[in-house]
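One structure below.
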Amino acid sequence: MTQEFEHLSVLLTETVAGLNIKPDGIYIDGTFGRGGHSRKVLEELGPNGRLIAIDRDPQAIAAAEQFKDDSRFQIVHGGFGQLADYVEDLGLKGKIDGVLLDFGVSSPQLDDAERGFSFLRDGPLDMRMDNSQGQTAAQWLARAEIEDMAWVFKTYGEEKNSRHIARCIAADREKAPFLRTKELADLIARITKNKERNKHPATRVFQAIRIYINSELEQIDQALEGALTVLAPEGRLSVISFHSLEDRMVKRFIRRNSQGESVPHGLPITEEEINKSRKLKGVGKAIKPSAEEIERNARARSSVLRIAQRLPYEA
């Protein structure tokens, strides 16, 4: 029997509003999760609209059964980093009216101890988004070099004590391998001296391992670039980030593609030619959840929504 976990989509109204839904438009939900954003998009689409959802989590694919009778909807089992490939296979490159990306780990993934994402619930050290393939967190921790662990913790978790934690993990695994989330979380809590207020000492390390195991930042980079190639002129991009690494990537991506190509000083190039190379324009300011939403859903606290619009292609 499958245990059900509630999931509240973050910034739901704002994110879908950012897509500026056309009744007959074609949209991508690159991170289906449990279908909250997809449901909202479908509510706003007309009978001739279309929604293509993507997710690499087999449990998310199973959850998509809720829309099996809706002919406007289809689900693709795969990573959002490959969204451009999926769209090209469907013959829809340059015809997508909006792309929605939500980089958060869903509540069902966090709440299901068997998935191994949470340091608050004891379970196997897995952390794979697609638990049918790839190495688990336990397998990586069992053989990673101290230098590699320290680099992952610092780069993907912005963990200040990365080297100390890596050394302690290496020392402890000599006695017994880390197989459970609680074993790793307890070790980090035990060796961390300067604890951050209202934050579990293992937060950054768990985030770092999850990002590394799932190649999340590479997937994000590919998804953003892919969205640029599939969007129709005036198509919208709505992106929700949950930590500073993700948000910096999104912010820089929008800024870079809004400014156009950088030209070496002195080159005879007109403003019109520079404008032609601009591919996006930001829409409004970054949006954060209201106090009311955070009260309803504490996991929304760190979320940030950024919206951009595709400019016409170069002539």
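The backbone N, Cα and C atoms fix where each Cβ goes, glycine too.
The annotation S-adenosyl-L-methionine binding site is assigned in Swiss-Prot to G35, G36, H37, D55, F80, D102, Q109. According to its DSSP assignment, H37 (S-adenosyl-L-methionine binding site) is helical.
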In chain order, residues whose C-beta lies under 8 angstroms from the C-beta of F80 (S-adenosyl-L-methionine binding site), counting only those at least six residues away in the same chain, are G30, T31, I54, D55, R56, L101, Q219, A223
DSSP, reduced to three states, assigns F80 (S-adenosyl-L-methionine binding site) to helix
Here the binding-site residues are G35, G36; the one whose Cβ sees the most other Cβ atoms within 10 Å is G35
Long-range Cβ list for H37 (S-adenosyl-L-methionine binding site), cut-off under 8 Å, min separation 6+ in sequence, same chain only, gives S9, L12, T15, V16, D29, T31, L100, D102
Not counting G35, G36, H37, D55, F80, D102, Q109, residues with a CB within 8 A of the CB centroid of the S-adenosyl-L-methionine site are S9, D29, T31, F32, G33, R34, S38, A53, A60, S106
